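Visitor: Shown below is the structure under consideration.
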Amino acid sequence: MPPCPPQQNRNRLSQLPVGELGEMELTWQEIMSITELQGLNVPSETSFEPQAPTPYPGPLPPPTYCPCSIHPDAGFSLPPPSYELPASTPHVPELPYSYGNVAIPVSKPLTLSGLLNEPLPDHLALLDIGLPVGQPKPQEDPESDSGLSLNYSDAESLELEGMEAGRRRSEYVDMYPVEYPYSLMPNSLAHPNYTLPPTETPLALESSSGPVRAKPAVRGEAGSRDERRALAMKIPFPTDKIVNLPVDDFNELLAQYPLTESQLALVRDIRRRGKNKVAAQNCRKRKLETIVQLERELERLSSERERLLRARGEADRTLEVMRQQLAELYHDIFQHLRDESGNSYSPEEYVLQQAADGAIFLVPRGTKMEATD
């Protein structure tokens, strides 16, 4: 059994005798019968620790309890453990074990009049009831056969025996709105159920692969249909000859066998559709060959374009180098040229021009030298 949770705002009292415990239990049963007759929705809790249950037909292991105490002035601070009592309780025998340091002060005896005059617990005070901090423990089932539950009171077990469990359970929840430190929904979300994807994946694969596998059957359906029709019409030669023979051989084949009009019509229909099928296959083959040739030509043109772009870049670089060399040559030539006064010519005012015979002349800019024979 897990350790008893720590009790807050309670004092440790002396031990309760067994005789007084049985008398208090009978008194409490009388109080509950009175409240049920009056239809009062009062909290079914006691101010003392669990009562002694009557022995069950089978042997019960002696439970061990940690020392817990009750403060009589606190007014039903925590619900006591629940014990399911049998239908008839003629007497309460003494127990071979004790409940630890659980007691009721002697100076304040419990009587029927005192319990009736005692004020009922405040509902707002019940909201301060907290659960023990730590790992959350699973909640006990209110309909369980266990009599050692620490989360339910004796009154709840008596109500479940005497009246409808659903109505009493809803009233109990309204009277005691206890907030749990954890929620049940995260636990359900933490372990989702992945059952649909395994069943949907094979179906999706089968649906996608079904038409692909059925294509060979569709392709051979025409041939099998022609063969069945030829067998039904009792054609004396196979369908392969009807389709593949040249025109002359096909006419000779028809002349060898006496065929009716319906048989001739069927043979010509089979040959026509077979030739159309062969022509369609040849057309598709030619289209594929043309596509392959165009792809190869496109690759060749792409490589040629790249080669021409590289050549153009090299030509541009060579032209830029030649322009730089020409500018340097102009500068050197104009540095060596002098007029009659010994002054140098400016490249901004004069330019060098070459005649048809190869002679070079220095002329001012903006003037053209006339061609001489």
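All residue numbers here begin at 1 and follow the chain in the order shown.
Cβ atoms are placed via backbone N, Cα and C, with glycine included.
Keep in mind the model is a prediction, meaning the values are calculated, not measured.
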Visitor: Which residue does Swiss-Prot record as phosphoserine, given the choices SER170, SER188, SER208?
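Guide: Swiss-Prot records phosphoserine at SER170.
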Visitor: Pick from 291-298, 323-330: which stretch is listed in Swiss-Prot under region 'Leucine-zipper'?
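Guide: Checking Swiss-Prot against the ranges 291-298, 323-330, the region 'Leucine-zipper' one is 291-298.
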Visitor: If you check Swiss-Prot, which of SER47, SER88, SER149, SER157 turns up marked as phosphoserine?
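Guide: When Swiss-Prot is consulted, phosphoserine appears for SER157.
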